[in-house]
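As C-alpha cells, the structure follows; a few thoughts come after it.
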Amino acid sequence: MTIAPEQRTAAAPSAASLSTAGWTDARLIMALEEVVEVELNRHLKVAKEWMPHEYVPWSLGRDFDGVLGGEAWSLEQSKVTPLGRIALVVNLLTEDNLPSYHHEIATMFGREGAWGTWVHRWTAEEGRHGIAIRDYLLATRAVDPVELERARMTHMAEGFESDNAHSMLHSVAYVAFQELATRISHRNTGHFSGDPICDQLLAKIANDENLHMVFYRNLLKAALEIAPDQAMRAVADVVIDFRMPGHGMPGFERSAAQLAIGGVYNLRIHHDDVLQPVLRHLKVMEIGGLGPAGLQAQQELGVFLDALDAQATKFDERQAALLARRAANAAKK
Ligand SMILES: [Fe+2]
Ligand SMILES: [Fe+2]
C-alpha cells in the first residue's frame with residue numbers, strides 16, 4: 001500500500017480510539033516514527049564507513065574476450081569451490097534486485113522524515129554489496145561472467161514483489177528475519193568459498209546485514225509493545241510462510257538444495273541461527289497479557305517451531321548420510 005502524505009501528518013489517534021479499532025498501517029508508521037529516529041541515530045553511530053574497493057584483489061584481473069580481445073572465461077580459472085560458486089551467484093542475484101526492494105520498502109514506509117532517511121541510507125548500504133561481490137567475481141574470474149549477466153537480466157526483469165505488502169507489521173517482521181538470513185548466508189558462503197579474500201569480503205558484508213537486522217528487530221520490539229496482538233500475528237505469519245528474497249531467480253530450487261546439503265543455508269540453520277535468535281531476543285514466546293488473537297498467533301507459532309525443529313532434525317540425518325556416502329565414494333577413487 002501507499003502511505004498518502006495527509007495520513008502521515010494527521011493528528012495522533014487517541015488511545016481510546018485505538019483500543020477498539022486496532023492499528024492501521026498509517027497510524028503504526030506515525031507511532032513508530034520516534035523509534036525509527038532513535039534507531040537510525042544509533043545505527044549511524046555504530047555503522048563504520050568501509051571501502052568495497054579495498055576488498056577486491058584487482059591485481060588478479062585482466063581483460064575478457066569480446067570488445068577488448070582478452071581471454072575468455074573458463075572453469076579452471078575459478079579458484080572458489082563449486083559450492084562457493086553456487087552460493088556467490090545466489091547471494092549476488094539476491095543483492096542485485098535492490099531496486100525492487102527499495103521500491104517495496106519506500107512504498108510501505110514512505111520517503112519522508114526518519115523513515116525516509118532510513119529507507120535511503122539502507123538502500124545506499126545495500127548498494128555496495130552487489131557492487132563489491134560482482135567486482136570480486138569478475139576480477140578473480142570466479143564464475144562465468146556471461147551466465148552471470150544473463151541470470152541478472154532475467155532475475156531483475158522479473159522484479160520482486162513483497163509477500164508482505166499488505167501489512168506494515170508483516171513487513172517489519174519479515175525484514176527482521178530476512179536481514180539475519182542474509183547475514184548468515186553471506187557468512188557461510190565466505191566460509192565455504194575456499195578463498196580467504198572472499199571470506200573477508202563476505203564477513204564485511206555480513207556485518208552490514210547484522211546491523212540492518214538489529215534495526216528492524218528493535219523496531220519489531222517496539223511494535224510488539226505498541227500493538228502486541230497484531231504484531232504477534234504478523235510474526236507468526238511471517239515465520240510460518242518465510243521465503244528467501246531470491247526465491248524467484250532462475251534455478252533457485254536447485255541451487256537452494258545444493259546450498260542446503262553443503263551447509264550454507266538449510267532448515268537447521270534457518271531454525272537455529274535465524275528464527276530462534278530473533279524470537280529469543282524479543283522473548284516472543286514469553287510475551288504475556290495477549291488478547292485471544294495474540295494468544296492464538298503465539299500458539300500457532302509455537303506449534304510451527306516444534307514441527308520445523310523436527311523437520312530440521314530429519315534433514316540433519318539425511319545430510320549426514322549423504323555426506324558420509326560422498327566421503328566413502330571419494331575414498332574409493
Ligand atoms: Fe545486502
Ligand atoms: Fe541488509
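From the backbone N, Cα and C atoms, a Cβ is placed for every residue, glycine too.
According to DSSP, Glu126 (Fe cation 1 binding site) sits within a helical segment. For Glu126 (Fe cation 1 binding site), the number of other Cβ atoms no farther than 10 Å from its own Cβ, over all displayed protein chains, is 19. The Fe cation 1 binding site annotation in TrEMBL covers Glu95, Glu126, His129, Glu209.
The Fe cation 2 binding site annotation in TrEMBL covers Glu126, Glu179, Glu209, His212. When secondary structure is read from DSSP and collapsed to three states, Glu209 (Fe cation 1 binding site) falls in the helix class. Taking a C-beta cut-off of under 8 angstroms and a sequence separation of 6 or more, Glu209 (Fe cation 1 binding site) has the following same-chain neighbours: Glu179, Leu180, Thr182, Arg183, His186.
Only Glu179, Glu209, His212, of the binding-site residues Glu95, His129, Glu179, Glu209, His212, place a Cβ under 6 Å from an atom of ligand 2.
Among the binding-site residues listed (Glu95, Glu179, His212), Glu95 have a CB atom closer than 6 Å to some atom of ligand 1, in sequence order. Other than the site residues Glu95, Glu126, His129, Glu209, same-chain residues with C-beta atoms no more than 8 angstroms from the centre of those residues' C-beta atoms, the Fe cation 1 site, are Thr94, Leu98, Glu125, Gly127, Arg128, Gly130, Thr182, His186, Ile205, Asp208.
Less than 8 angstroms from the CB of His212 (Fe cation 2 binding site) sit Trp122, Glu125, Val175, Glu179, each of them six or more residues away in the same chain.
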